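Asker: TrEMBL feature annotations, pasted as is:
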type     : residues  : note
TRANSMEM : A:6-27    : transmembrane segment
TRANSMEM : A:39-61   : transmembrane segment
TRANSMEM : A:67-88   : transmembrane segment
TRANSMEM : A:95-115  : transmembrane segment
TRANSMEM : A:150-166 : transmembrane segment
TRANSMEM : A:198-215 : transmembrane segment
TRANSMEM : A:221-240 : transmembrane segment
TRANSMEM : A:247-270 : transmembrane segment
TRANSMEM : A:276-293 : transmembrane segment
Amino acid sequence: MTGLFSEVFLSALLFGAVTAAIPLLLAGLGEQISEKAGVLNIGIEGMMLAGAYLGFVGAFYSGSLWLGFLTGAAGGAAVALVMALLCVRIGLNQIVIGIALTLGLEGLTALLHHFQFSRSYPRLPAADATVIPLLSDIPVIGPAFFKHHLIVYLAVALVFGMGYIYRRTQLGLNLQAAGDKPAALDVAGIDVVRTRTIAVLTTGALAGLGGAYLANVGAGLFIPFITNGAGFLGIVLAMLARGRPIWVLFGALLFGVCLSLTTAMQVAGINIPTDIIQMLPFLAVMIMLVLFGRRASLPAALGIPYERGAR
Amino acid sequence: MSIDTAPTVSATALDATSGAATRRDIAHRLLMTLGPIFIALVIAGCILLAVGVDPLAYYGFVLEKGLFSPLGIQQTLTRMAPLLFLAAGLIVAFRAGMWNLGGDGQFLLGAVTAAASAPVFVQIMPAWLALFCSFLIAMVVAMIWSLVPALLRAYQGVNEIITTLMMTFLGTSLANVLVKLAFRDPNTTVPQTRTLPVEDRLPRLFETTITSGLLLGLAAIVIVHLVMTRTAFGLKLRIVGANPRAAVHSGLGVPGLTVAVFAISAGLAGLAGAVDIIGVQGNVRADWNPAYGLAVIPAVFLARMNGFAAIGFVFLLSVLSIGGESAARRLGVPNHFTLVLVSIVLIVLAVAEYFDHRYSQSRRT
């Protein structure tokens, strides 16, 4: 048992936590934009899967991780385009379409994987880490937080970028208004449908990027259903964060630590079903909700398609 | 909750119209259902062509195995039993404007408790009583599981989409823990619960392999439909769903009704788990999660939360999933294609309904 809490183990655990947290972070940030703009994006799991598959395909055939991230984000955005057309433009029920998209992408990516990769299960080489000088020399923390792929730092930077957009820019205010009082935004001369479409497409791109990271860096390969509920976790994170990107980051790290702990316990050969550890983050959040469950501050028009002139 | 609940069109409105109009309405409905399904089949067929499978052969095989072969149709009808219970539970919740997305967790916990209790009960009491008690326990456990989201929603206003989603993750894990640690059959190497002997399971209908759970499921969904459309209780729930503030003003005890809705919805999901275990599976293996809930949710919406229409959609889902499973074994097209097909059917149906609605509105004005 002494080896369990050694420095190396601890930093590997935290390293894994960050790796597990990044897809959740990207999904949560993405979902947050949609929810701000009044679109409940249940299809985010499907967008992540599209991103994971296309991201892997892109990286595998081109040999470039960055191209993989690009195709992944494009794949997520393509699914989001369907969602935007159906739910924002013609106002179909967001939950029906979201779930249908998730089901469809689960099936489609698994199907394509079956015909393409299921005999060989190709893997990508391990991702190059960008080592941050000085900081990475700190014991335990250094190797855990400062030896990741460049995209990890970009994702964390995005948290602050989003915070800036929401608080300081016209776009941020428009998004907020599209979710809280779309009619007011419309009267102000700004196209609600366009604002919401931008939000949903951004969600798709971020979710796709998260999926691509999951497949290309986290796992190094694509397997069917690889996201395993990460998109739904993103929805939970976005709702708990109450519109603040920084809380998405904290939440994602909390879930990341628990996910990483699951793997670590398996490696250490501790004989507890991993299911128990997987329950921990949810338990923590539920207890928090029970204790501090104030009125959730969700946008007023969340889930309601906007129709000009409708009462 | 502020999410769109407009499709809560009462089926009772149809009763006032004359017979001919009703017949035309039914014909219209059929056309608006079968047309989109046909279009969806064509789109999905293109995907099949793209991966190098003959779509006509595939569909023929699915129809034969899921609908036209004696064994297939029996399997299809058996598969309907749990789905009907789930659909019934969702109808109650959605009509009352509550988003119980935790059906899978409630289903699995119901299944695990039924699987754990039934083999014990059959040894100490008559079979019918044993099964009844297992159903009851499964229902109660699922109800208790829904209590946290229900209370949070009722008294704290916490959004139930988050809480039920989280409870479903928790429930899935807890079900696995229970199978692996508490209710594990010591006589098997793979972690699973003790198997209920076939002769103690729910009886089969007549000379077939169809489970009598089908009748229970049909009864459940019809009762739910009638309660929601014909009783004062159902009306109260629909008022809560249509406008919670108006419900408060008209003197309804909204928090109490909220808890009741969650309890009924989760209880039915728990029964779905029990009927699948006691009727068909006989035990729960670790990591077993058929995730029926996710496919049933959109189907219930497309049925406009109408119980009878939901039966039709559940039948369609069952045909596709049973046929797809056979096709996976025989034609080498993985079962995942069924997900794609179901998804395309759902989306095309939703789009068709939108255009139908616009068309009828433009004619009226």
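Placement of Cβ uses the backbone N, Cα and C atoms for every residue, glycine included.
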Asker: Using a Cβ distance cut-off of under 8 Å, indicate which of A:39-61, A:67-88, A:95-115, A:198-215, A:221-240 has the most pairs with the transmembrane segment (A:6-27).
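Answerer: Per the Cβ count, the answer is A:198-215.
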Asker: Hey, which of A:39-61, A:150-166, A:198-215, A:221-240 has the most Cβ-Cβ pairs under 8 Å against the transmembrane segment (A:95-115)?
Answerer: A:39-61
Asker: Examine the transmembrane segment (A:39-61) against the transmembrane segment (A:221-240) and state whether at least 3 Cβ pairs sit under 8 A, considering only residue pairs 6 or more apart.
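Answerer: Yes, since the transmembrane segment (A:39-61) and the transmembrane segment (A:221-240) share at least 3 Cβ pairs closer than 8 Å, they count as touching.
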Asker: So what's near the transmembrane segment (A:276-293) in sequence-distant terms, Cβ-Cβ under 8 Å and 6+ beyond its ends?
Answerer: 236, 240, 251, 254-255, 258-259, 261-262, 265
